[in-house]
Every structure is written in C-alpha cells, then in structure tokens.
Amino acid sequence: MTDFSLHDGQLFAEDVALEQIARTHGTPVYVYSRAHLERKYLDYADALQGVDHLVCFAVKANSNLAVLNVLARLGAGFDIVSVGELERVLAAGGDPGKVVFSGVGKQRDEMRRALEAGVYCFNVESVSELERLQQVAAELGVQASISLRVNPDVDAGTHPYISTGLKENKFGIPIEDAEEVYLQAARMPNLRITGVDCHIGSQLTSLAPFMDALDRVLLLVDRLAECGIHLEHLDLGGGLGVRYRDEQPPSASEYMARVRERTAGRNLKLLFEPGRYIAANAGVLLTRIECLKINEGKSFAVVDAAMNDLIRPALYEAWMDIVPVTPRQGSGRNYDVVGPVCETGDFLGKDRTLVVEEGDLLAVCSAGAYGFVMASNYNTRGRAAEVMVDGDRHHLVRRRETVTELFASEQVLPE
Ligand code: LLP
C-alpha cells in the first residue's frame, strides 16, 4: 500500500500522519487516500486509451460521496445496483449517461427513476425483468437501453460467497438461453439492445476465468450477429483481485491488454465495473486498543472497532493486515484482535504478532472496499467517521453517527 507508509516511525496516509487523524476525528475512523483511488482508476482508463470504453466504478464497494466525486472528476462511469446508489452518484456529480444499472431485483420505481435520470444501460438479469422494464419504459414513452447479464458458467476460483458466474448462482441468464432471450427483447418496442454483460465473481487472482468467460461471451456475440442482433458494447463486470496478504493478482494493464487483444477488430465498446481494485487498498480502518486481555493460552487486543464497522473477517474469514500506527520495539505477543460486540465472531484478525500497549492505534489495511459500506448499527453502535487524505490535507467526508441519530426514527407505542 504505497499510499500508506511509514515515515519517522509513524504510519502516514500520503503526507498526513494517521495519529493526527485519530486525534482530530477520533476512532474508529476510515481513512482514504485520494491519490490511490485516482491511480487505480487510471490504471484501467489509461490501459484502454485508443479504444472506446467506459470504466464504471462499482459503487457498492465504497459509496462515500467524496470517493464518487473524486472518480467522477476523472470522467469515471458508475455501476449501480439500487436507486439509492443512483442518487449518490448524482449527488456526487457523476454523469448519469455513464451509469450502468446492475442487480437481480430491480423494482419498478427504481427503473422509472433510472430512466428519468437517463442512465446509459440496464444490465438485465431475467425475462421477467425485461418485461417489467418494457412496461415501465412504455409508460414513460421512452426507450431503455439494455444489455443482458449472461452467466457463462465458469468457476472464478474465489470464495463461494463472492463467486457469481456458476450455473448454481442466482445471477444472470444461463448463456445457453441467452440467444432466445435476446430475440424476445428484440420484439419489445421500448427496449433497445446495446450490449452484453457478465460478472463472474470478486477477488479473482488469475486472468484465466476472465478470459474463459470472454471467449464464451464472444461466441454469443457472433451467434447474435447471425440473427441480426448487432451489439455495441461488451461489459466484463468487475472482479479483479487485490493484494490483502500474499496474493499476486494480475495488474489491470495486463488484463486490459489481454481483453484488447481478444476483442481487436470487433468494434465493441469495452465496459468494466471494478470496485475492489480501485478502492480496497485506498483505505484503512483506524482503531484504538481499549484493553489487552492476557488469558492463559490466548491473548486478546480489544479494540474500539468491531464487526459492525468491518464485517469482512467475520463474514468471509477474510484476512486483512493489521499494523501498529506507531510501531514499538520489543518482542511480540500473539493476539486475536477483537471488537467489543457480543459475538464470538466479532474479530478483525486472529493470531497476529504485535508489540502493543493499551491506547495504541492500529490500522486495519485494505479496508477501502466493502468496509464502511457494509457497516451496521449492531449493538447500537454509531457508524465510524470517514476521512479523505489529499496530499498534506485531510477532510472529514462523513462525520461519526451519534447515538441519538440511531433511534431518531423510532417510536414507542401510544399510552
Ligand atoms: N459488478 C457487479 C455486477 C458486481 O456484482 C460486483 C460485485 C462488481 C461489479 C464489483 O466487483 P469487484 O471489482 O469489487 O470485485 N462484499 C464482498 C464482495 C462482494 C462483491 C459483490 N459484487 C467482499 O467484501 O469481499
């Protein structure tokens, strides 16, 4: 994580000491690096120079307005899965004409709002959704651009909860049925077929499954052309992995080069929906050690962040690096780093060798994607603050939730 590094014995985000952020804003706090977000977005965009393309950041990975705004300023598109995400993109200055609307259960109101806003394309996942979209578009007297999300039945080789491209998953239309569904869509007057889409899973660390999926989708593109359906774009979804520990994922430029090679001469606009690749290593979760519990055979560092702030370790047994913000000298002890929530599954990391004392700050690394966005108020804990660092400046981009806010919309029964 080059944008988070040690200087003079202290961990910095760009040119700002994390200690200073914790002092100013308290903990737990998510800290993002603007430079990292920009560089990772540009990895994709630069590698696609010279071909028609759209890089749509997957808003679900990190939907903070400041994050979306930084990317919008670079010309990014956005991949959304709800009207809520659409409103965020609009509020952050994103261009609706660069938005793709994914998701397996879009509601009528969401479709209506997206059509009014003028999104680029709906990634449709079923015949029933096609019919629904046709109806809504007809009511509004407009045409909806669509692509079908096909399920190419390839094994992404990733965690089962984040693998989506197999037949048994709920996502997409089985690729062998896709031709028939396209023909049905072609008969719907308020739909305009523009593309094809697939997303096979997340945190992929090899290009092989992507290229297998691409090959299968290109066969479909050719079959469709024979039926007179000429697609304008190809959306390969997100999924490119990042390094949490010792993974060696391919770079975006390698991936883009392979896709460009394979699609050369086809006149297809290329779309991608990266989330994790852009945001994961752009963020850390800063937390303070409340107390150290040294039990026989097991030691715990109880910190002020918990599974409600960052659920990836509890939910996927995800390994995320945990480092002291101001490293100490000495011999380490083996700790489980746990939060104050009343669940045995409330841990951020297990078996970590740390030299720490009570009151020390820890940074949970690679927390910029699927971190804050998956936070909850479990145990009536307000959600953390979020800060963005930009060179030597830092900005509060979401203030900490207060306890009164948490139950402000609740009511007791009448007398
Ligand atoms: N496009 C679609 C249709 C998706 O479903 C996803 C992620 C993406 C793009 C972005 O994928 P990425 O580039 O970030 O891999 N919460 C899990 C990850 C869930 C991913 C869901 N879909 C985690 O923390 O690992």
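Keep in mind that glycine also has a Cβ here, set from the backbone N, Cα and C atoms.
Positions annotated as domain 'Orn/DAP/Arg decarboxylase 2 C-terminal' by TrEMBL: 30-368.
Taken from TrEMBL, the feature domain 'Orn/DAP/Arg decarboxylase 2 N-terminal' applies to 35-280.
What TrEMBL lists as N6-(pyridoxal phosphate)lysine is K60. The DSSP secondary structure for K60 (N6-(pyridoxal phosphate)lysine) is helix.
Here TrEMBL flags G239, E273, P274, G275, R276, Y370 as pyridoxal 5'-phosphate binding site. For P274 (pyridoxal 5'-phosphate binding site), the Cβ neighbour count at a 10 Å cut-off comes to 27, with all displayed protein chains included.
Using a 10 Å radius centred on the Cβ of Y370 (pyridoxal 5'-phosphate binding site) and all shown protein chains, the other Cβ atoms total 25. The annotation substrate binding site is assigned in TrEMBL to R276, R312, Y316, E343, Y370.
Close to ligand 1, meaning a Cβ under 6 Å from one of its atoms, are these of the binding-site residues P274, G275, E343: P274, G275. Cα proximity to K60 (N6-(pyridoxal phosphate)lysine) (within 10 Å) is found for the following binding-site residues from G275, R312, E343, Y370: G275, Y370. Between the listed binding-site residues, namely E273, E343, the fewest other CB atoms within 10 angstroms of a CB are found at E343. Within the same chain, residues at least six positions away from R312 (substrate binding site) with a Cβ under 8 Å of its Cβ are A318, M320, A367, Y370, G371, M374.
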